[in-house]
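Read through the structure below, which is laid out as structure tokens, and then see the notes.
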Amino acid sequence: MAKKPSIPKGTRDFSPAEVAKRNYIIQTIKKHFETFGFQPIETPSFENAETLMGKYGDEGDRLIFKILNSGEFLKDFNYLLIEVAKSVLYNLHLKLKNPEISLSLNEILRDDKFVKFILKSNNKRIIGLKSKSNFDELIFLKDLFFRIENGLLSDSKKIQSFLKRDIDDLNDHSMRIYGDFYFNLESAYLTNFISEKALRYDLTVPFARYVVMHQNEIDFPFKRYQIQPVWRADRPQKGRFREFYQCDADVVGANSLLQEVEFVQLYDAVFTDLGLKGTTIKINNRKILSGIAEVIGAQQLLVDFTVALDKLDKIGEEKVKAEMIEKGISEAAITKAQPLFEMTGTASEQLEQLKTILAESKVGMLGVSELEEIIATVDMLGLQSAMLQLDVTLARGLNYYTGAIFEVAAPDGVQMGSIGGGGRYDDLTGIFGLKDVSGVGISFGLDRIYLVLEELNLFPDSLDTSLDVLCLNFGENEGRAALQLVSGLRKHGLRADLYPTDTKVQKQFKYADKRGVPYTILLGDQELTDGKFVVKNMKTGDQKSFALDSVEAFVEQLRS
């Protein structure tokens, strides 16, 4: 019996109707991106792992999908094992050079994460693993442990010499044993050796990499948009998938706060066009959060502070505080930060409260000043349907944000996480060697926007129709004439098709009905003789004849 097919958790297939709705959202967003002067780019679906790792904080890094090296690399177990051995030896080399470490070589080795993993394993494939002291029988490179036991690697210099050895010099028997055990190792430990690439986690870091690599071809300030899929090893739930699209717009090479104002306007324009009125664009500034961390004495734990604070809407105040304590932020510091959780009033009133709290923090006051300018300008210009709201607990957990940050909430009554977000990053390109290039950008959450529009029944009815006209098939000769007619309709821009076989007419009508086709064309033997074709309105049942040589008349009527 054939195995029932399935797809990975957190991924989806999309029907034609769903794709039509997704494309409607994408085309709406794309239209406004281009109206605001953004240019499209694309980047690879996977990047070098080192490009992505370390850019999203510890929690983000854990959600990055890593790609297993394949091909000739994994055929040669020796190469893999040598690299692991070198890593262990290099760590030994560093520890032996550290005057603060007084442990013996064997004690250091016993404490190694990799060796400890082997020692606690009960895998039957491990040959000769009888006791913790029996190093020469361990699966991990007999040759290495022989030298350790015999004092042949007693100092840093000899370890360095061992590191330079050729693959052919190593013990093949140990390699075979280790190769058997390879499949049972902790993948996280071997990641650096077996995975050099990763699926992109977002579009912002790849964009920063793109800017650095193409800086001589780019005209600054550079306004780009990008609509592509990203992947995250997250726990699937409503509105959260492991594969999903992001629709990003960014500007790099401009420090002006007018860019932030434009992004607020862009959010407003897109959601108004989609009919999604009543969205709330939340705004804060990472400088304010940095200032608060400074005044409560937790500046060194800023990342932990913001990551925990970012979960406020998801887990609540008490659990956020518990996580802060777990990360090393003192209860006294959390007490000082209590005004964050209690701040109310208009944006102007909250900014005044922040000025009091942050009076001793230069960076915090700068954040307040930036928000004042952005909010005042947005108020002057006005918004069509969205509302701009200051939220001093908004943190955006990503490490690279440095200034204003945004998050968009769906209208009241819709149970959904954020449907958009972004912020300013003053030196994201600096991690790739291009310093002092400020940037700011936002993202639209396509999948969540889809769910919100579906829940509120905001998709246009026209999306249910993928075909304007279906020409019925009455036989070989009639079919050829019908195909000629269909070709003419297509040249006029109509979505037209011919039913491929001359099956029963009722079956063809049923097909047209299921497809939601508004008009069918009947071109049988009698119609050909009369030089006409008959158009049937599938909704009303009305029929009307048109001359075969006046297709334009039918097209004009259809569009009127």
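Using N, Cα and C of the backbone, Cβ positions are placed for all residues, glycine too.
As annotated by TrEMBL, domain 'Aminoacyl-transfer RNA synthetases class-II family profile' applies to 1-500. Under the heading L-histidine binding site, TrEMBL lists Asp202, Leu203, Thr204, Arg232, Gln246, Asp250, Arg396, Tyr400, Tyr401.
Here the features listed in TrEMBL are placed on the structure.
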residue: Asp202; record: L-histidine binding site; DSSP (3 states): coil
residue: Gln246; record: L-histidine binding site; DSSP (3 states): strand
residue: Arg396; record: L-histidine binding site; DSSP (3 states): coil
residue: Tyr401; record: L-histidine binding site; DSSP (3 states): coil
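Residues Asp202, Leu203, Thr204, Arg232, Gln246, Asp250, Arg396, Tyr400, Tyr401, recorded as binding L-histidine, reach a greatest CA to CA spacing of 21 Å. For the binding-site residues Thr204, Gln246, the largest tally of other C-beta atoms within 10 A is found at Thr204. The binding-site residues examined here are Asp202, Arg396, Tyr401; by Cβ neighbour count within 10 Å, the least packed of them is Asp202.
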